[in-house]
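Student: As annotated in Swiss-Prot:
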- GLU139: active site (ACT_SITE)
- CYS96, HIS138, HIS142: Fe cation binding site (BINDING)
Amino acid sequence: MALREIIILPDKRLREISKPVAEVTPEIRKLADDMFESMYDAPGIGLAAIQIAEPVRLITMDIVRKEGNGKSDPRAFINPEIVGASAEMNVYEEGCLSIPEYYADVERPAVVRIRYTDLDGNVKEEDADGLFATCIQHEIDHLDGVLFVDHLSKLKRAMVVRKFEKAAKRGIKYV
């Protein structure tokens with residue numbers, strides 16, 4: 001495993017649309033391992049491969065760790081897609097490792113049905129709700145070049161982007 005640098009807004013690579021993974025290879029498994037290590041180090045509960053400058057449709061998540069009970073449930077999702085969503089919506093305060101120290105309420109479907117491939121090459125479908133639903137939607141957005149701030153008003157989004165552009169010009173590094 002290797003710790004990888006997480007790219008930060010305004011890095012243009014965050015807007016790239018990630019390419020599908022053709023097959024689960026040892027390289028994809030190694031990338032997932034690197035992503036888990038980088039995600040835990042940050043610390044975070046979800047990471048899309050594009051956030052470490054790898055434009056492939058791979059997500060790692062461990063929402064159990066957020067609860068701080070010492071437990072862990074690391075999961076990897078290859079080529080994840082939302083195949084159904086509830087009409088009911090939830091609002092959750094979101095943050096992002098690529099937009100450090102900024103949090104905002106985002107409204108998303110309360111329940112989504114996802115289809116993905118696991119690290120063993122098995123295609124699976126399952127329903128996600130609560131934090132799992134919010135996190136998987138947030139990470140799938142990354143794979144499509146969408147950031148959580150894109151769900152905010154135009155004014156709020158512009159303020160956040162401007163803040164990070166100024167920080168980048170000044171050479172401010174978020175750690």
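Each Cβ is built from the backbone N, Cα and C atoms, and glycine gets one as well.
Any idea what these are sitting next to in the structure?
Tutor: The DSSP secondary structure for GLU139 (active site) is helix. Same-chain residues at least 6 positions away in sequence with a Cβ under 8 Å from that of GLU139 (active site) are, in sequence order, GLY46, LEU47, ALA48, ILE59, MET61, PHE77, PRO80.
The secondary structure of CYS96 (Fe cation binding site), as reduced to three states from DSSP, is extended strand. Under 8 Å, Cβ to Cβ, and six or more positions away along its own chain, CYS96 (Fe cation binding site) finds TYR102, HIS138, LEU147, PHE148.
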Student: Output, ordered by sequence, the same-chain residues six or more apart from HIS142 (Fe cation binding site) with a CB under 8 Å from its CB, or 'none'.
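Tutor: Listed in sequence order: LEU14, SER18, ALA48, ILE50, GLN51, ILE59, SER98.
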Student: Starting from the Cβ centroid of CYS96, HIS138, HIS142, the recorded Fe cation site, name every other residue in that chain with its Cβ within 8 Å, sequence order please.
Tutor: GLY46, ALA48, GLN51, GLU94, LEU97, SER98, GLU139, ASP141, LEU147, PHE148
